[in-house]
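Undergrad: Questions regarding the structure given below will be posed in turn.
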Amino acid sequence: MKEMMGVVGIILVVSSCCLSLLDAQEITHPTDVSALQYVHRKLKDPLNHLQDWKKTDPCASNWTGVICIPDPSDGFLHVKELRLLNMNLTGQLAPELGLLSNLTILNFMWNDLTGQIPPELGNLTHLIFLLLSGNQLTGSLPQELGSLSNLLILQIDYNEISGKLPTSLANLKKLKHFHMNNNSITGQIPPEYSTLTNVLHFLMDNNKLTGNLPPELAQMPSLRILQLDGSNFDGTEIPSSYGSIPNLVKLSLRNCNLEGPIPDLSKSLVLYYLDISSNKLTGEIPKNKFSANITTINLYNNLLSGSIPSNFSGLPRLQRLQVQNNNLSGEIPVIWENRILKAEEKLILDLRNNMFSNVSSVLLNPPSNVTVKLYGNPVCANVNAGKLADLCGISTLEVESPATSSETISTGDCKRQSCPVSENYDYVIGSPVACFCAAPLGIDLRLRSPSFSDFRPYKVSYMLDVASPKNLGINPYQISIDTFAWQSGPRLFMNMKIFPEYSELNSKFNSTEVQRIVDFFATFTLNTDDSLGPYEIISINTGAYKDVTIIFPKKSGMSIGVSVGIIIGAIAFFLVLSSLALVFFIKRSKRKRKTREVDMEQEHPLPKPPMNMESVKGYNFTELDSATSSFSDLSQIGRGGYGKVYKGHLPGGLVVAVKRAEQGSLQGQKEFFTEIELLSRLHHRNLVSLLGYCDQKGEQMLVYEYMPNGSLQDALSARFRQPLSLALRLRIALGSARGILYLHTEADPPIIHRDIKPSNILLDSKMNPKVADFGISKLIALDGGGVQRDHVTTIVKGTPGYVDPEYYLSHRLTEKSDVYSLGIVFLEILTGMRPISHGRNIVREVNEACDAGMMMSVIDRSMGQYSEECVKRFMELAIRCCQDNPEARPWMLEIVRELENIYGLIPKEEKPYSSPSVQSSASGMSGFAVASPRSSYTTFSEFTANQLVSGVIPSIAPR
């Protein structure tokens, strides 16, 4: 009966709507109305942004975010744009969006939408902007998107899109912006994309791309920015053709598993930004001159040799040269020579951990706005005082972040006058009359791929550009940028205030001007210098204009006769539709009704995570309860200080490990989400990946990838049938060291693990090691200005036997504390002994054996045959790591390189191949691969010292 009443109600409402149209001059096409109603049903609107979508006619009633235009051919109004940016919407994209045949802009950016992208969007052949960034969309990109022949901007970054790139996207011949970064897209970039001749910006960083780096991309004549960081290409070289892309402004291939030499880039005459760091590049830095526009050269974490070219000193705009962690030597050129640095300019030269043995006197006296870092070079050996000591000092290890600004501009005597800041007013600096107080419109925008490392020299010219006649066409004093901040990528967030023009009568924009400014930014009309790259709107802060109703102009141009005809047709259409609905209900009511259970998760939805969450899924309690058989004892696979760990089976066959916090380990919700945010940014093949979380029903759980071969502690246990070969032990040691190196040098902020031990080194199905149990409590401390301190003074939760002995004296933790713990693990790998057992100390036992010339007597006999040279060098490295004096211990990068050298001594036929999990006789959750003389092998080359994955997510973006 209730359902019958609903149908009758609908009929009455429809009839009323149709009759009310007799007084109207405008009406939305019924197909568009129906489509938007379906869209609304698929969405959840917790903040009621779409409350006016309950009105009858979308265009006539000015539905929020809906912009319409008349179509003279049928006399109806049609939906032209759908702007639903940053409205905290959840739910899914309705397939019925494909019915909005006149749609040109579809903008759902920075919401929390889930589900897949409907293939029906391929029907929107008039679409020019497809903007879906910053949601939680999953699945593959539909092939049907290749039918969007008029598309200019394809922006689906910061989602969870997987699968391969469809070749059909090569049909988007008008496309200018291809933004698919920060997803989980796999496979190779289709070479067919080289036919996208109008693409300016190709951003695919932080995905899971493999295969070759296509040389065909160099055939894109309009290409300005190519950014593919964080890919895992198959050890390919950088194509030489990339050095001849005529308009290339930025080339960013950081951490892409690239090999070979650096190509000649001298033909890239407008190149501003080069980042090919964290690869396996070899040879020398090319001597050919870079573009005079170059601001940033990042070559760090490679295998480069030779010297720094002398012509680097002739680069007038250079802001940052990073060549640390290579094998460079020779004379260091004075980069700032023949250059006058302005007060707002800054130059950073990071030369750490190379082979430089001498420096010139000029280099020892850099200007105040030049930073030189020499730590870890031979020239720094035994330096205790003087200017060289300053360049070699520990302070040069600080993480140097690009400049961030939050300025307070002096207003002089204006403070004596009244300007109600609390009411979103502010002084307009530089206005024709002093102390002009006005209400600005706030625009939060982000430069997606800027081609510089320091914004300050560009700030004034950027504001002038935005104000210029080709853009907003306002006075320069009407624009202010008093806050900007760098985010991972790197990307640049800024808050721009736009003030009304000076007037004695008014200090606010009228609604028409507010609408013009909003339209200007929302339709990507801003035209600026190529070095700034593409931009996106994060949010629009209306401030004092919250009560302003922004009316979108709609001129139907319909005659009364046409309107009446449309109304009569619409009434007939809706009456037929209503009759069909009644017939359907009567038939349906005769069927047996099925009761449906109320979903508890709808009553207790997942709390909204922080704005900058990335690549992790929020699970509800029911999902994890079902996956773990109600957290049964049979599902439990471990227990730690955080709580119990369960093996879970999620729909689709995904096997996970669920860490369930015990009562004493629960955090505040803010702290819990902060930890998730940090962990979600950490991506390295030797770190256990966080897949999701749950914060429901008083529970806090973390969902990780499942490691079927258990831990290193399991593999070293005497309970297991088959021992580990030396080659496999070295491989595990090397992978573990690489994971720790990433935490120390590439995590943002850097992390000290504090509890490295065999049980926290897990083994996947191919026996690849993954470091586990690192979290927010282990962050390297930052001072008030965001600068890294060289130690942490929190209470240690480490395990006895692995804790740095220096800590008990200084109560300080440093990266060298992790080095000590890892050294103990190395000794366990070599000897099979526990760190402390029956009064015996592993460090003391090993040192005594080595001093007596009996090193081999403590080697684990289950290792089988092995190379004594490899064992000796491995043991020497382990002992160096376990020195009581932290200064005597090597840095993690040195450890990785030495292990690579030792592993290189292992004959190819003895190296372990990547095998499937081998079940142990002792446990169903652990197993290991064993090198056998009769086995079929492939060389283990999955890791390099420089395969580091940088963080990818914005730290301010609304997520």
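For all residues, glycine too, the Cβ spot is worked out from N, Cα and C.
Annotations per Swiss-Prot:
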SIGNAL    1-24  signal peptide
TOPO_DOM  25-565  topological domain 'Extracellular'
CARBOHYD  ASN62  N-linked glycosylation site
REPEAT    79-100  repeat 'LRR 1'
CARBOHYD  ASN88  N-linked glycosylation site
REPEAT    101-124  repeat 'LRR 2'
CARBOHYD  ASN102  N-linked glycosylation site
CARBOHYD  ASN123  N-linked glycosylation site
REPEAT    125-148  repeat 'LRR 3'
REPEAT    149-172  repeat 'LRR 4'
REPEAT    173-198  repeat 'LRR 5'
CARBOHYD  ASN182  N-linked glycosylation site
REPEAT    200-220  repeat 'LRR 6'
REPEAT    221-244  repeat 'LRR 7'
REPEAT    246-268  repeat 'LRR 8'
REPEAT    269-292  repeat 'LRR 9'
CARBOHYD  ASN293  N-linked glycosylation site
REPEAT    294-314  repeat 'LRR 10'
CARBOHYD  ASN311  N-linked glycosylation site
REPEAT    315-338  repeat 'LRR 11'
CARBOHYD  ASN327  N-linked glycosylation site
REPEAT    341-366  repeat 'LRR 12'
CARBOHYD  ASN358  N-linked glycosylation site
CARBOHYD  ASN369  N-linked glycosylation site
CARBOHYD  ASN510  N-linked glycosylation site
TRANSMEM  566-586  transmembrane segment
TOPO_DOM  587-959  topological domain 'Cytoplasmic'
DOMAIN    631-906  domain 'Protein kinase'
BINDING   ILE637, GLY638, ARG639, GLY640, GLY641, TYR642, GLY643, LYS644, VAL645, LYS659  ATP binding site
ACT_SITE  ASP755  active site, proton acceptor
Undergrad: Does the chain bring the repeat 'LRR 8' (246-268) near the repeat 'LRR 6' (200-220), so that three or more CB pairs sit under 8 Å (pairs 6 or more apart in sequence)?
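TA: The answer is yes, given that the two segments have at least 3 Cβ pairs within the 8 Å cut-off.
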Undergrad: Closest to ARG639 (ATP binding site): which of the glycosylation sites ASN62, ASN293, ASN311, ASN327, ASN369, going by Cα position?
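TA: Closest by Cα: ASN327.
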Undergrad: Helix, strand or coil: which one is ASN311 (N-linked glycosylation site) in, per DSSP?
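TA: Going by the DSSP assignment, ASN311 (N-linked glycosylation site) falls within a helical segment, counted as helix.
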Undergrad: Please report the distance from the Cα of ASN327 (N-linked glycosylation site) to the Cα of GLY643 (ATP binding site), rounded to the nearest angstrom.
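TA: With distance taken Cα to Cα, GLY643 (ATP binding site) is 45 Å from ASN327 (N-linked glycosylation site).
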Undergrad: So if I draw a 10 Å sphere around the Cβ of GLY643 (ATP binding site), how many other Cβ atoms end up inside it?
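TA: The answer is 21 other Cβ atoms.
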Undergrad: Determine the most Cβ-crowded residue among the glycosylation sites ASN62, ASN327, ASN369, using a 10 Å radius around each Cβ and all protein chains in the structure.
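TA: Most Cβ neighbours within 10 Å: ASN62.
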Undergrad: Can you work out which residues elsewhere in the same chain, 6+ from the ends of the repeat 'LRR 2' (101-124), have a Cβ less than 8 Å from its Cβ atoms?
TA: 31-32, 67, 69, 71, 78-95, 130-148, 155-156, 161, 522-523, 536-539, 608, 957-959
Undergrad: Specify the secondary structure state of ASN102 (N-linked glycosylation site) as given by DSSP, simplified to three classes.
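TA: Where ASN102 (N-linked glycosylation site) sits, the three-state DSSP reduction gives coil.
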Undergrad: Out of ILE637, GLY643, VAL645, ASP755, which of these recorded positions is nearest ASN358 (N-linked glycosylation site) by C-alpha distance?
TA: ASP755
Undergrad: As a test of reading the model: what is the averaged pLDDT for the repeat 'LRR 9' (269-292)?
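TA: Mean pLDDT across the repeat 'LRR 9' (269-292) comes out at 91.
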Undergrad: In terms of Cβ proximity under 8 Å, which residues at least six beyond the ends of the repeat 'LRR 12' (341-366) contact it?
TA: 300, 318-332, 334-335, 372-379, 387-388, 391, 396-397, 400, 403, 453-454, 456-457, 891, 893
Undergrad: Just checking, which of ASN88, ASN510 (glycosylation sites) has the fewest C-beta atoms within 10 Å of its C-beta?
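TA: Result for the glycosylation sites ASN88, ASN510: minimum number of other Cβ atoms within 10 Å at ASN510.
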